[in-house]
Amino acid sequence: MSPVYVNLLGSVGLLAFWYFSYRWIQRKRLEDPLPPWLRKKKACALTRRSRHRLRRQHGVIDGENSETERSVDLVAALLAEAGEESVTEDTEREDTEEEREDEEEENEARTPEVNPMDAEGLSGLAREACEALKKALRRHRFLWQRRRRARLLQHNGPQQSHHAAVFCRVHGLRGFQVSVWLLLTLFWSTGYGVSVRCTYHGTDINVTSNATSMNCRLNCTCNHTQIYNGPCAGAESKLPLNVTFRQSRRQWHSVMLTFGFQYHLEGWFPLRILNESRDINVTEVYGEVACFTNDTNITMGQLTLNLTGRSYVLRALARTSPFESSVNWEETNVTDNATSSENNTVTVMSVLTVYAESDYIFLQDMCPRFLKRSVKLAKNNRRNTTFTGTNVTSLPEWTLQQCQGWKYWTTLSIMWKNRRSALLRAKSRALGHWALLSICTVAAGSIALLSLFCILLIGLRRDLLEDFRYICRDEGSSSTKNDVHWIV
């Protein structure tokens, strides 16, 4: 199963567990706290007035021994069920003041005070926490503004302090919106509509038994602004592309990117094609490495190779796997002065197809970094940069008999071609992101469950303490035990 669906299923399961836990807690809180055997005996029929009289009869004064209210209520219910409720004539002839108190208690019984935690559960507690946080923030902001106003009044006088206070209020109201707008604008403008193209032109091609060389010139532009113009040799070091990583685990990644830039920008790519296709007769070579963003702001890469009138193009789309799309070179723009035959075309296509997957993955990984780095170079006014030096680019000690394929590139391509151990594939990076998201989801679920348990304990701490005290008293009181066994 895809990691995307696994994480989605885990998130849905976590939300469902949270919802049903909340419903179960709410249902348990709304149930009667009395045991079933006592709830069936009409214990809840006692009014607040009769319970008050029973408390007074048993010597419990209002306002004291608040912890024993539940135990007294239980004793009152037991006495009422046993028929031992006796109200003397003296208690019925109370003075006017006591009757008024009884009426007030009856009114309170009709409209009892409901704790928000008991009425709404976790939602009420969350609402109270939000209100408390808002009050604390308003209080903190008020104190900060008052201290700032006093400081401005002390230094600048009353008129200037008034204007400064107005500015602070406006800044406090609009600062967050302005910050969010700037961040969104920066995110939208970064890399959107950027195009970087590096074209090379190779002449005086010389293919011998032990070396392949040519005169090569490279020209790089960023949004039609020139950032490099000079020989192909050494272009990677002269362009501060900064493709290294500090992490030791990404050392191979740095090596591949650096070597890939040299391979495509310094003319080694057409030299490999010419060396392995010795039968074709080529006098000059044109090529291009292009990275750009399309209308939907998706990064795309393109490799172009032109051999005497025949062009070959490889296109790569970021955030896609080479195994999910067709990776192949296409022959386009065949000019009228094409001198190569069909056999030569088949030979070139066979050579290009061998490492098409490696070139595709490299474009996917290189183009986003190349675009960002080129934008920085353009902002640093690195324009019309012209370099001088030798134009000769060669592959020394290179023969088809000594090694099959380009030795350096094939050595590094083995890691890319293997689906399980690929380091630079976009899908592997996506799996890494989903793994991090899975860890964060599990951590968030654990924190949520822990917070739910803590909130439950906080809301029920008083009831738990009363239950523990009642259990302790019940174990130490034999009379209460006898009454309970007698009712059962």
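Here the Cβ of each residue, glycine as well, is placed from N, Cα and C on the backbone.
If you check Swiss-Prot, you get these features:
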- 83-107: compositional bias 'Acidic residues' (COMPBIAS)
- Asn206: N-linked glycosylation site (CARBOHYD)
- Asn210: N-linked glycosylation site (CARBOHYD)
- Asn219: N-linked glycosylation site (CARBOHYD)
- Asn223: N-linked glycosylation site (CARBOHYD)
- Asn242: N-linked glycosylation site (CARBOHYD)
- Asn275: N-linked glycosylation site (CARBOHYD)
- Asn294: N-linked glycosylation site (CARBOHYD)
- Asn297: N-linked glycosylation site (CARBOHYD)
- Asn306: N-linked glycosylation site (CARBOHYD)
- Asn333: N-linked glycosylation site (CARBOHYD)
- Asn337: N-linked glycosylation site (CARBOHYD)
- Asn343: N-linked glycosylation site (CARBOHYD)
- 83-119: region 'Disordered' (REGION)
- 1-22: signal peptide (SIGNAL)
- 439-459: transmembrane segment (TRANSMEM)
Residue, out of the glycosylation sites Asn206, Asn219, Asn275, Asn294, Asn297, whose Cβ gathers the largest set of other Cβ atoms within 10 Å: Asn275
Neighbour-count leader, CB within 10 A, glycosylation sites: Asn223, Asn306: Asn306
Closest of Asn219, Asn223, Asn306 to Asn206 (N-linked glycosylation site), Cα positions, glycosylation sites only: Asn306
Inter-residue C-alpha distance, Asn219 (N-linked glycosylation site) and Asn306 (N-linked glycosylation site) (nearest angstrom): 16
Residue among glycosylation sites Asn223, Asn275, Asn294, Asn297 with Cα closest to the Cα of Asn306 (N-linked glycosylation site): Asn275
Integer Å distance between the CA atoms belonging to Asn294 (N-linked glycosylation site) and Asn275 (N-linked glycosylation site): 35
Rounded to the nearest Å - Cα separation of Asn294 (N-linked glycosylation site) and Asn223 (N-linked glycosylation site): 13
DSSP state at Asn219 (N-linked glycosylation site), helix/strand/coil: strand
Asn223 (N-linked glycosylation site) and Asn297 (N-linked glycosylation site), distance between Cα atoms, whole Å: 15
